[in-house]
C-alpha cells in the first residue's frame, strides 16, 4: 500500500465558484473525495491539503518524507510561477511528483507560461479540468507499480 499526498495551492479552496469558465464547477471537496475513493479502491492511502500560505505547503512537503509518502500530486496554482521555495522543498525530499493545473496555463496570460516545477516533475497535466487530478493519480499509481 502506497501513500499519496495531494497539495492544492492558493485560491483552490474557492473552486466551484471562482471563475467557473476557467476552473470549472467542481468543488475542491468533490475532487478530494473522488481521489480518496479511487486511491482506496486501488488499495492505497491518499492525504490532501489546501493552503493559501506557501510556508504551510512547504512544511507539509517536509513532513511527507518522514511520514513515508510515496508520491505527491501538486497543483501549486499561482505559486507555479513564483515559488523557488516550493520547488526546493520538493527537490529536498526526493519524493516524485506530478504537477497538475485545471486550466491550460499555456493558453492564458504570458506570465502563467513559466513553471518552476515542470522541469523537475515526473509529468505535467494541464487544461483538463478536474479530470486532470484523476489522470495524475492514475499516472502516479502506474509509476509506483513500475518501481
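Positions of Cβ are set from backbone N, Cα and C atoms, glycine also.
According to Swiss-Prot, the features are:
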SITE      18  site 'Transition state stabilizer'
ACT_SITE  23  active site, proton acceptor
BINDING   75, 81, 88, 102, 103, 112  substrate binding site
ACT_SITE  101  active site, proton donor
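The structure, with features from Swiss-Prot marked on it.
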residue: 75; record: substrate binding site; Cβ neighbours (10 Å): 26
residue: 81; record: substrate binding site; Cβ neighbours (10 Å): 16
residue: 88; record: substrate binding site; Cβ neighbours (10 Å): 14
residue: 101; record: active site, proton donor; Cβ neighbours (10 Å): 23
residue: 102; record: substrate binding site; Cβ neighbours (10 Å): 24
residue: 103; record: substrate binding site; Cβ neighbours (10 Å): 18
Cα separation, the residue listed as 'active site, proton donor' to residue 81 (substrate binding site) (Å, whole number): 12
Cα-Cα distance linking residue 75 (substrate binding site) and residue 101 (active site, proton donor), given in Å to the nearest integer: 6
Reduced DSSP assignment, residue 88 (substrate binding site): helix
DSSP state at residue 81 (substrate binding site), helix/strand/coil: helix
